[in-house]
Amino acid sequence: MPTGLIFLAAGLTDTPPIGDEPVSGSAPWFVLALVVGAVGYYVVNRYYVTTFGRVEPSRRTLVRIAVLTLACASIMCVGITLDIRLDLPVSLFGAAFGVALLLYYRLLNVLRPYHLVLLGGLTVLALAPVWGGLDDKVSPVMIPIGLVTIVIGLLDHRDLLASLRRARSARVDEDAHGRP
């Protein structure tokens with residue numbers, strides 16, 4: 001959710017400057033959003049660690065996550081660069097974000113139907129010919145990116161809680177009935 005807040009703030013405040021844009025007068029609001037986001041990351045991390053403990057992925061999984069993260073970031077950087085340099089009627093950054101995260105979730109085997117709906121919808125919106133003629137196509141698309149990121153964070157959290165409840169009830173069944 002903090003990441004979504006930062007994307008949302010970037011889109012609403014037109015900050016940080018893209019290309020040769022001057023710094024927006026609303027830059028202090030973006031800095032405030034960064035501070036709130038940093039505090040949010042800390043609070044969310046503490047909540048998860050104290051509530052659920054810490055899970056350490058295997059080295060292989062960590063390498064896989066690192067490679068996928070770099071690949072997705074690269075795809076998004078290409079999208080931003082093309083949006084800045086070309087006057088296309090679509091947002092390649094928004095499309096790259098949606099497709100990259102769909103691939104990321106799929107390759108980590110955690111893709112859910114709501115990922116398809118939200119990220120697929122974001123990709124379709126980004127590819128709709130409504131972004132042409134804007135001086136800055138990057139900031140406006142950060143608004144739906146932020147909203148989608150927040151909703152996915154909430155739904156992923158809901159799924160985590162549901163999976164833990166199922167695991168806990170399976171464990172109770174094992175303990176009560178002596179069944180594995």
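FYI, residue positions are counted from 1 along the chain as it appears here.
Using the three backbone atoms N, Cα and C, a Cβ is placed for every residue, glycine included.
Taken straight from TrEMBL:
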type	residues	note
TRANSMEM	29-49	transmembrane segment
TRANSMEM	61-82	transmembrane segment
TRANSMEM	88-107	transmembrane segment
TRANSMEM	114-132	transmembrane segment
TRANSMEM	138-155	transmembrane segment
May I ask for the residues of the chain that lie six or more residues beyond the transmembrane segment (61-82) and have a Cβ under 8 Å from a Cβ within it?
18, 88, 91-97, 99-101, 103-104, 107-108, 138
Same chain only, please: residues at least 6 beyond the ends of the transmembrane segment (29-49) with a C-beta under 8 Å from a C-beta of the stretch. Say none if there are none.
1-3, 5-6, 8-10, 12-13, 15-16
